[in-house]
Structure formats: structure tokens, C-alpha cells
Amino acid sequence: MSVSVPVKQYGVTPPISTAASTPEQVKLNDAMIEELRNQGSFETEAGVLKRREILATLQTLVEEFVYTVSRKKNMSEGMSKDAGGKLFTFGSYRLGVYGPGSDIDTLVVVPKHVTREDFFTIFDQIIRKRPELQNIQSVPDAYVPILKTVFDGVDIDIICSRLDVPQVPLDMSLKDNNLLRNIDDKDLRALNGTRVTDLILQLVPQKTVFRAALRTIKLWAKKRAIYANMFGFPGGVAWAMLVARICQLYPNAVGAVIVEKFFHIYLQWKWPQPVVLQQIGDGPLPVRVWNPQLYGQDRSHIMPVITPAYPSMCATHNIGASTQAIILEEIRRASEIVTDIESGNKKWNALFEKHDFFYRYKFYLTVITATKGSYEEHLKWSGMVESKLRLLVQRLEPIEGIVLVHPYVKPMMNAYLSKEESDLFKMKELYGTLEGEKFAKDHLEEFKIDDDTDVKKIEEEAAKANKHIVYLMKLYIGLKLDMKGTNKKLDIQVPCSEFDMICRGWPAFDQDKNSLSIRHVKLWNLPNDVYEEDEKRPVKRSKRKASEHQSNGESTHKKLKGDTSSSSAATQVQAGAPPSSGVVANAST
């Protein structure tokens, strides 16, 4: 009599299928991996070694940081050295799915006598002395306070967490839940990244399959501009958990099958049913665990993906009604493409086609930050506004006539020089439009900023030459409107004024240096820099032609080559101005 061997269960439910992949599926998976290579998804061997060297250097800086703080607080030489300090990684690097352009998410863990303020002052000072440092942006007011750096050509995000222990040795692990005692919410959120990443890898049946599928989903999400927790889309850890859950349901499948099932299952998922990798457990600490039955805020999560590490949290709390609709539409599109790939009608590169954000809508809002100061001051100001953009999206969604509010996930920055300060003021008024692009070309000197730019030197030379500098950042929001039954005018003064007040409430806000404006711009007046060289920009059509195309079922947003100097509305909210200076966007359709 044969004895059935129980199949190991990963996750909270039995697998849907334990079948091994067919030869056809293996061939499909090989083609998927080859396309990932063609897309540059894998890091080179030299790149891998460089990242290891950078992390080793940062570990020495962490130890120097803790030692320096310890000595400043009158600890002995020996105790200061023993205080330790350790650098952990999380995110794509820890998961093993990073590529040549990927950043490295790092966590500095320090003992109880080292504070968050120490991190943003003393550690900041220590890392600035390193010749490898090319850029640094401090965002202490973020949901998870962070230092964003470029170190030896690699983007390194550094967060910090303080534990209630006297020492942090190099062999410390973060598995023990008791390490979470007596720390604040920000420290808890910072620790969660590494703890979650480690658990994800433990909870998937085949790490190699998981990594191949996750690389594919990450690349797809980035190409389609739906990869950004800050802007209301899933971030890296959320996409990883979503892929891990499908791996649990198909433990013996190859990566290509996981990808196909990913789109199929999440298209039919009964949101807000949460995605979980293991049972949500309680713990010994008086900390909040995600529980929609107890907490109204948790009930408001419309697309919850729950972290497996205690205390479980929702990694997708920023997703709103609009971004959920966008995500599901992209999943639907991807599911159809993968079906065509399986049938041989398309290749894997079809899945990774670039988004059409700057062709999709007739009206866009442009949120513009300007700084009359140093580049570093601009990074802090613009970074804060970026982190708050989802609050503007939330306030716009209930407005009558707005069907969908679509934030674009990539900020765009420019820097201009001029001897005439009035020209820079004019540029702030026109920025984000075709007119602004033309004005800058005719009247201003633009300088590009990359990892190798010595911005301080440029600022010093500008001062000597009596030139003024303005740093500008623009964020775009696409608006899908339905003006039927309205007076053809869309009044968004209140949400824009509220957002303006939120941003001006930033403790470091200086109205002599910082400004914020919100304007609407029509599709055909978007600047050229939002399009790539091989893309054809849209142009304004006559009403007659537009109606003819619409009657034929054609989009009026087709990618047509051309140019126009059509003027944009100069409506705006100006930071520092009274709240009554809101936006009334005349969105006549």
C-alpha cells in the first residue's frame, strides 16, 4: 500500500497546483530570462563587487558614527568601541533582484544612546567627508526618515533605527521580536524593511523562481510607471510580497508560469481581501498589528498587502481609488499580453513597452517647486513636496467632474542661471509648458545636474559673476474628467489651497527661498522634455477633425508629430500667498 507524502504548504492556504512545469513552459521561461538580459535587468560581475565594497565602506562609517556619538556622551574609550553599530540591507539588494541602475536600501542600527537627531547631524557630517559621496539629500520629516545619497556612482538610501540595547554587535540578527521593545513608531517602521525582506525569502518555495518572476514584475511595473509607494502605487516590498504569494500557490512552477498566474489571479482578486504570506500573529509587545476589525484606518485600506514580520503592517496604505483603478487596468493589459506571448503571437518585450502617461489625458496639473538658494536646499524642499503629493491626489478625487487622478511617479528637475532675476521669476511662471521651454532656451542658461556635477562650484562661480540661480522641479498629475451636466468649469481651489498650506507648514519653509505653484496644462502644451527623442508629441486638432476621429472610434491622443505654441492656463497657487489665491481650472471640454 502506497503512503502519500504530505506536500509542504507555503502560506495560509494549500497550493492551487503542485504540478511541475511542462517543456513548453520551461522554453517560455528561458525566453523570459533572455528578454530580461536584453533589457539590462542583471548587474555585471564588476557591479556586484563594487556594491559589496561600498557596503563595506559604509559599515566602517557606521562604526565611526556610533563611536563618535558615544565619546561625545562621555562614554569611555572601551565602551565607545564596544557600542558597535551595524549596517543591514533590505529591498531589491537583499532580495537578490537588483540591476545596474538599482539603488541599495540600507538600515543603520544603533544602540539606545544614539538618537535619530545624531544620525541626521553627526552621521551626515561623517559621510560628507568621504570623497565617494556625490550627492546627499536629507529627508528627516518623511514617514520613514531617510538620507538619500549617491555614493561612488550608486544610489544608496540610508535609514536609521535605534534599539533599546547598549551594544549592536556585527553578529546581531533582527529576528527577535523582543528587540522591538521601547522604540518609537519611526524606529519600528525602519526595522520592518529588513525583517520583512528576510521573511519573504523564507516563505517562498524556490528562491530562484521567485527572483526571476519578481525581476519581470518589477521591470513591467517600472516601465508602466506604477512602481512608487510615495505616489500611491505599490513599492518594491509590496510587489515582492504579491509575487511571493503566487509562488506559494504554485510551488513547482517556473518563473514564466508565476508571471502568467500573477496577472490572472490579481485581476480577479476580491479586494480589499488582504494578500498575506503567513497568518497575522500577535506578539508580546504593546504595538499595533494590522487589524481592520479593530482599527478604522486599517479598514480604509482598499488594496491591502500585509507584511509577514511582526508587527504586521499594510505596505500599500497609500493606494487610493484612482491608483487602484490604474493598477488594475495595467494588470488587465498585461494579462492579455502574456496570453498572446503564450500563444506565440507576441514576444516578451511587448510586456515592457513604455507607459503612455503623457498621451493619455487632455488635462494635467503641474506641481512646481522652486528654490532660490542652494541645490541642497532645493532637494530638501522638493523632496518634502514629493512626499506629500498623494495628499493632493486624495483631495482632488472627490471633486465633482473628476473621474480619476493619476500621479506620475518621476519628478523632473531643471536648473537655470541668469543675470536678470526677473527672467528667473518669469521662468517660474512658465515652467512645465512649451512656452517655458522656449523662454528658457531664448533667455536663460541651463546647467544639467548629474552625479558628476560639482554644484557647489557652479554656485560659487555664479555668485562671483553676479548671476542668479533658480532650481525647479515639476510633478505631473493626469486628470480624467467627465464634465457632463456641469458648467464646464472645474473648481479645484480648495484642494490646491489645502495642499499649499500643508507644504508651507513644513518647519524649514522659507518664503524668501521656497515657492510652490500648481497650474493646469493641456496635453498639446506639455513641454518636449516629457517625451523621448523617438516619440511623436501630440498636437491640438481642430474640433472638426477631433469629432471625426472620435466618431470613428479613434483616440484624439494619438502620437502625432508636430509642435504648437498653444497657451496654458496661468492658474496657480503660490506658496506664501493667502489661501484665497487658489486654482480654478477652466476645463472646458
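Cβ coordinates are placed from backbone N, Cα and C, and glycine is handled just like the others.
Caution: TrEMBL annotation is automatic and unverified by curators.
As recorded in TrEMBL:
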type	residues	note
DOMAIN	11-204	domain 'Poly(A) polymerase nucleotidyltransferase'
BINDING	PHE90, GLY91, SER92, ASP103, ILE104, ASP105, ASP157, LYS218, TYR227, GLY236, VAL237	ATP binding site
BINDING	ASP103, ASP105	Mg(2+) 1 binding site
DOMAIN	209-354	domain 'Poly(A) polymerase central'
DOMAIN	356-540	domain 'Poly(A) polymerase RNA-binding'
REGION	533-589	region 'Disordered'
| field | ASP103 (Mg(2+) 1 binding site): nearby binding-site residues from SER92, ASP157, VAL237, Cα cut-off 10 Å | value | SER92, ASP157
| request: Identify which of the binding-site residues ASP103, ASP105, ASP157 has its Cβ surrounded by the largest number of other Cβ atoms within 10 Å, counting every protein chain shown. | output: ASP105
| remark: DSSP assigns the residues of the domain 'Poly(A) polymerase central' (209-354) as 77 helix, 4 strand, 65 coil
| field | Lowest local Cβ density among PHE90, TYR227, which the record lists as binding-site residues, within 10 Å | value | TYR227
| said: Just to confirm my parser: what is the rounded mean pLDDT across the domain 'Poly(A) polymerase nucleotidyltransferase' (11-204)? | reply: 95
| task | Any same-chain residues 6+ apart from ILE104 (ATP binding site) with CB under 8 Å of its CB? Would you list them in sequence order, or say none? | result | ARG51, ILE54, LEU55, THR89, GLY91, TYR93, TYR98, VAL154, ASP155, ILE156, ASP157
| remark: Excluding its own, the Cβ atoms lying within 10 Å of the Cβ of SER92 (ATP binding site) add up to 22
| query | Taking the Cβ of VAL237 (ATP binding site) as centre, how many other Cβ atoms lie within 10 Å? | reply | 23
| message | On a C-alpha basis, identify the one among PHE90, SER92, TYR227, VAL237 that is nearest to ASP105 (Mg(2+) 1 binding site); the candidates are the binding-site residues. | response | PHE90
